[in-house]
Every structure is written in C-alpha cells, then in structure tokens.
Amino acid sequence: MKKRGVLCEEEKEVKKRKLLEQIGDGHLPYLSSKDDTFYDLWGSCYSKLTLLQAKHVPVDLHHTVQNAFLSLLRNGCLFQDLVRLKGKDIITPVSRILIGRPGYTYKYLNTRLFAVPWINDELNTQYSTRNLLETYKAFSDLNDFLYSQTVNELQKLGKIHKDNFFQHSEYKEQIKSDQRPSTSNYENVKLHSMESFNVTLINYMDPQNMSFLKEEPYFGMGKMAVSWHHDENLVEQSTVAVYNYSYQESSNDVNGEDEDPTRWHVGLKIAWDIETPGLLMPLSSGDCYLMLDDLNKTHQHCVIAGCQPRFSSTHRVAESSTGTLQYIKSQCNSALQNLHMNPDTGAADLKNLEPNVLGQTEEIHNEVEFEWLRQFWFQGKRYNKCTTFWKEAMTELEIHWKQMETMTSLVLKAIENENLTVDEKCNILKNILPPLVERQDLRHDWRERCRSKLAKMLPPDQVPCFYPYWNDDNKTMPLPFDLHNIISALQKTLEENELKL
C-alpha cells in the first residue's frame, strides 16, 4: 500500500498565500443547492462525491449509531487533542475518538491516535462497561454498511467513467433522487480501494460552546468547524465515508430547506484552483456522504458549522504499513534478535557489533519511544475510560524498550573495548550517534510539550504524562535519561579516532 503524498507545510503555506493574493479582497464563486447549476457542477467537477440520504439508511442502523454517539458523549469518551500545527501546539475545537481494527492507529497533525477495538470475537478485549461494548459494535456495523455502499458506488462510478453513457440532465435528476446511473452488464471494471475501512474517526462539536470559529476565507461559505484539508495518512485512492448526525435539532431543520443557516454543510473545492466554483452541500441528520476514489487527493474539503451539536463517523483506510501494533512488535523483535541473555546468570550481551545493525537498533529504539510510548502517554490516561487494550500493549512495548536501553549501554561498553580497531570504533560511532542525538533532542521537545500552558488546560485524565522518565539515581535503568554527557564523550572519541586513521 502506498501513502498519499502530502505537501510539506512550507509548500502549503506558499500556495495558500498565493491563492489569497489572487483573490484579493473578494471571494471566489461557489454554488449551493439553491443555484440552478448546482447539480451540473456536481456532476462535472465533483462527480466522485456521493450523497446517501438518511432515508436510504436502515432505520435500525440509525437508531443504534445515534445512540452510540450519545453513549460516547455520556461516558466521557470524546477527547480534544493537543496537536502540533506549523511547529505550534493547539487544542482541537473538535473532540474525537478513534475506533477500529485491534492494534491500529491513525496519525494526524503529528498526533498518533490509538484505535479502541471494535468488536472482535477472537480478541479478549476488556471494555469499561457493557454499554461501551455495544457502542463500539454499532460503529463496526456502520463500517460494514458504508463499505458495502462504497463498493456499489465505485462499481457504478467505474462503469460511468468507462462508457460515459449518461447526459447531465439525467445525472442531475438521479443525484436529486439519490440514485446514480447503473447498468446491468457491469463486469471486469478495475476498482480502487476495495479494502475495507480499517478505522473510523468519531468527531463531536457543539458550536454553541465555541467562543470563536474562523470564517471560511476563499468563498465566504460561513464559519468553519473544520478548515480546508485533505485527510492525511490514508491509502492512496481510498474512499472516505462519513455519517452525519446533528441532534437537538430545531423545527427549522425538519422542513428540509437547504439554505437553513442552522444546518451543517460540507464544502468542496479543487485543490489550489481559483477557476472552478466551490460546492457547498447541505447535510441533514442521518445523511452519509462518500468521497470516492482519489477525490480526497484532487480536492479539499471543509465543514461549515450549523447551530446544533454534531457528530460524525468518518470511515477510512488508514495507511497502516508502520501504524499497527503488529508492525511495532515486529520491529522490536527484529532489534532484540541481537540481544543474548545468559539463561544461567541473566547477563546480557550483544551477538553482533556490525555498525549497520547497531544503527538500525537505535533507530527502532527511537521509534518505539517517540512514535508509540510517548505518543500514548502524551494523551494522558484517557484510554482507561474506553478499554484496557492499549495499556496492556504499552506495558509490553515498554519491556522491549527497556531491553533496547540495555542494548545501547552494551554498545557504549563495546566502544571502550580496546579489542576494537580504530576503524571499527569510528564506523560504530557514525551509525549510533545520529539516533542518540535525535533521542536527546526529542526527549527535550516532549518534555517542553508536556509542560506547556495548553497541556495544563486539559481535563485531569487527559493531561499529558511525561513518560518514560527516570532520575539518575534509578538503578533499574542502565543509562541516564539525559544523554548530553554521553553524546559529548562519544563525539570526542570519534574526533580523536578519526585523527588516527
């Protein structure tokens, strides 16, 4: 699987500034459903956006999913994330929880969310209450439904694009009635993203509790709950499916008027394009929309806030090559292959002093510490409310990490060994110093993030924990937490040995 290429933040900022300069003091045009050419624009420029109206979703599924949303809210299982954007920490206005396949994670804005497992009969996962078990099962059922709808829509889309047999007038009517053109002789059409969604990111926001929401800057669509973006870290050309639920709806919402300002909307635009009008699609409670195939890559989307609290369940195929518990455990096992433990004495030794092997081990050491342990504990004790799965997983990963601390100490002892040649010492130092310097720098960065004013503003169970951390007098740890003196000594040793070559 291939990760969608993401522009670096600097490139995005340049493009954004250029776009705003081109717009000047005005706004770009956009169409909403009140405009006569709305459906023509949808069919010609946004054809990979599909709306599944609430009336076409099974009633019992509506009931269980909407109750599940409220259950998450009542049980305090929706959390604002302390994320990093453009080098600065911010608290998200939207509260979230990730639910999905056991052991899966999803990373956004330098924050790794850990999926609370949806029901798996083969997994002995403990949930804090029976009620939450049913809650997670509801999103698993919704996932199955949205996947089946996605497969159907991709099949229709593939046939449409292949034969181009319909006219815009027909297309307009079929969008209005929530029916896409189809044929009975569909076969052998290449489809993208047939893999099932592996996670869903649940979002909740009550705009009445938000003191400030930014105005949408390009089109003047309204106040944004979520600004323009591509969903990141997804499998390339994979569909994103969204279930929308606004509750405590006013009588104004029931009449179905598209221009009712209390309604929520999703906005779409072609990325960095000022020629094509934007599209603003109204959402009724219970509606689902699918961003099919490569739409998430070629277009950007935003969410325009209504007046009522809103939940959404956003189902996606997260890029999982380096984001699963199975993956990081495999990495640990690979690194620990070089560690020998004497079964009689318990003494530890390294099997191999090959510089590349030692360097790779230190890189895995960093990966476990900063992509998993510190990411998990930076989110406080929030997961205790949801499941024991990740606490147990982190306990196991911490054991492996401590073994790698031992391996680092053994490398340092080996460098002091006079049996190594000058060339061997230099090669080892050149391979281990970069990850050690990175470790020292990242430990400092994570400490500062945990001490920030924003971190202290979070609820007690969500306040970041700076962990792992230990004092120099901790005899259970083979190395000090602060590696400054060790790194300085190693750099000096490298310089001295290079002079001997």
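For all residues, glycine too, the Cβ spot is worked out from N, Cα and C.
Swiss-Prot annotations:
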type: REGION; residues: 32-321; note: region 'Fe2OG dioxygenase domain'
type: BINDING; residues: R96, Y108, H229, H230, D231, E232; note: substrate binding site
type: BINDING; residues: N203, Y289, R310, F311, S312, T314, R316; note: 2-oxoglutarate binding site
type: REGION; residues: 211-222; note: region 'Loop L1'
type: BINDING; residues: H229, D231, H301; note: Fe cation binding site
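Averaged across the region 'Loop L1' (211-222), the predicted model reaches a pLDDT of 91.
Residue density at H229 (substrate binding site): 14 other Cβ atoms are found within 10 A of its Cβ, drawing on all protein chains shown.
The Cβ neighbour count for N203 (2-oxoglutarate binding site), using a 10 Å radius and every protein chain shown, is 21. Checking each of the binding-site residues (Y108, N203, Y289) against H301 (Fe cation binding site), the C-alpha distance stays within 10 Å for none of them.
In this structure the alpha carbons, written CA, of R310 (2-oxoglutarate binding site) and D231 (substrate binding site) are 19 Å apart. DSSP gives E232 (substrate binding site) a coil state; it is part of no helix or strand. Closest to S312 (2-oxoglutarate binding site) by Cα-Cα distance, out of the binding-site residues R96, Y108, H229, H230, E232, is R96. Listed binding-site residues near T314 (2-oxoglutarate binding site): none (candidates Y108, H229, H230, E232; Cα-Cα distance within 10 Å).
Fewest other C-beta atoms within 10 angstroms, among the binding-site residues R96, H230, H301, R310, R316, are seen around H230. R96 (substrate binding site) sits 5 Å from N203 (2-oxoglutarate binding site), counting Cα to Cα. Summarised by DSSP class, the composition of the region 'Loop L1' (211-222) is 0 helix, 1 strand, 11 coil. Spacing of Y289 (2-oxoglutarate binding site) relative to H230 (substrate binding site) is 15 Å (Cα to Cα, whole number).
Taking the binding-site residues Y108, Y289, F311 in turn, the residue surrounded by the fewest other Cβ atoms inside 10 Å of its Cβ turns out to be Y108.
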